[in-house]
Amino acid sequence: MEKNDLNAGWNLEHSYAELPETFYTRQQAVAVQSPDWIIFNQTLAVSLGLNADVLQCPEGTAIFAGNNIPDGAEPLAQAYAGHQFGNFNMLGDGRALLLGEQITPQGDRVDIQLKGSGRTPYSRGGDGRAAVGPMLREYIISEAMAGLGIPTTRSLAVVSTGESIYRETERPGAILTRVAASHIRVATFQYAAQFGSVEDLRALADYTIHRHFSQVEGNEQRYLSFLQEVIKLQAHLVAKWQNVGFIHGVMNTDNMAISGETIDYGPCAFMDTYNPATVFSSIDRQGRYAYGNQPYIAGWNLARFAETLLPLLHEDEEQAVQIAQDAIAQFSEHYHHHWLTGMRAKLGLFTEEAEDETLIKDLLDLMEKHAADFTNTFVTLTLNKLETSTLSDESDFKEWHTRWQDRLVRQPESSDEVMEQMKRNNPVVIPRNEKVEEVLERAEQDGDYSLIQPLLDILQRPYAYTPEQEAFGAMPVSCDPSYKTFCGT
Ligand code: AMP
Ligand code: MG
């Protein structure tokens, strides 16, 4: 084991553990019966400075199952407390362990976390475990998001545990290894504000600024600058989600990372037919986290974040509240800017005209009215293959199309340049629900993992427009309006 550890390339540090002890509990993983590989991300491993060959040995399986800890790891569970569907709860890593921070060959510091590694002091009633399906869903969707160029945590490995877990039914257990810029969440700050001293809160803020926002470290009003930067990153992130039709599913404050990465893939899915009311998560009965609500919820979560910083923003509470409110008010402007920039790019617009937003919204309205597929509509426009679209026979769409063509002519760029721009901004493939479901089902029910990598290969470069991808993307979408995703936690 030691020999393998020496060669595996682990380079772990533990800066988070230097925070006050209230922020974590040291905890070992609970060993599992008979771990085995499901999938390993070689490319990611190499970029982290890890030796993929060494790690793919049985010793590697033991590490990603929590049966063995990598050289230099000092596992801990992080404390946090936040709003779940609007209700405040004490949370924390109930089934996850931070092994440490890998320092990559490029000098980046990234968290290596096991998810599904057994109970911790924060498990509450849970068993600390995870099922194959949900861990594979996180792996597939997070890697697809990375391919789409959207900030996200990454997935390094999924191993099966050889043990069953019990949800509504008996399911095979699995552990995911997640790689993240950090696991500091809005909920980590809520925990500090609720249960810690002002000094604990300041320590967390200083740590986070140093780790993620060192550019504001010297600012006179560093905590305000920090808040503003977090707001900007979230505005950027959620605009990116909207631009590709990604629905997170559970935008609780514990699932919002301060780093600006998409985190905690639960019942997430991509929208097929365009409809802002789309909700996939079976537990989201009120539609709180529907596609069209995501920007508002992000703003709501950021307001909770700003509240935690009040003692650091100004010694006078009233003034602190004013400062926080002014900062939060900027969110919608930032969001709108990113959304509009993204949508212009999707329509091949290089220049800016006042009527652009109406043009965009009219297209979305038409897609909603005629129940058109979000992704495929943009692909159709990109490739100028209108005949393949369900919209092509609609007279109101034809009118819109003429308006758009006229708009394109009013900019200097050639049609080739427009097409290139559109290809860079309209994915030809997304992780379609029925494809993802098929892969997860085969894995959970038959232990057949052979479909995972081919799907990932297709999803890895979604803007490539290869013939295979165009064929994959053009497949009829038998959109099931009752499609539901389950947490399965
Ligand atoms: P999530 O819905 O995955 O964001 O999880 C919300 C909270 O519940 C977090 O504190 C998790 O660590 C915890 N949790 C989720 N599933 C389990 C489980 N099976 N056992 C223990 N804790 C869990
Ligand atoms: Mg969570």
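Placement of Cβ uses the backbone N, Cα and C atoms for every residue, glycine included.
These features come from TrEMBL:
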BINDING   GLY92, GLY94, ARG95, LYS115, ASP127, GLY128, ARG178, ARG185, ASP264  ATP binding site
ACT_SITE  ASP254  active site, proton acceptor
BINDING   ASN255, ASP264  Mg(2+) binding site
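Distance noted between the C-alpha atoms of ASP254 (active site, proton acceptor) and GLY92 (ATP binding site) is 9 Å.
Checked against ligand 2, the recorded positions ARG178, ASP254, ASN255, ASP264 give ASP254, ASN255, ASP264 as the ones with a Cβ under 6 Å from it, listed in sequence order. By a simple count of nearby Cβ atoms, those within 10 Å, the most crowded of the recorded positions ASP254, ASP264 is ASP254.
Put plainly, the binding-site residues ARG95, ARG178 were compared by Cβ crowding within 10 Å, and the winner is ARG178. Counting every protein chain shown, the Cβ of GLY92 (ATP binding site) has 23 other Cβ atoms within 10 Å. Of all the Cβ atoms in the protein chains shown, 17 others lie within 10 Å of the Cβ of ASP127 (ATP binding site). On a Cα basis, ASN255 (Mg(2+) binding site) lies 11 Å away from GLY92 (ATP binding site).
Taking a C-beta cut-off of under 8 angstroms and a sequence separation of 6 or more, ASN255 (Mg(2+) binding site) has the following same-chain neighbours: ARG185, HIS248, ILE263, ASP264, GLY266. Screening the binding-site residues ARG95, ASP127, ARG178 for a C-beta under 6 A from any atom of ligand 1 leaves ARG95, ASP127.
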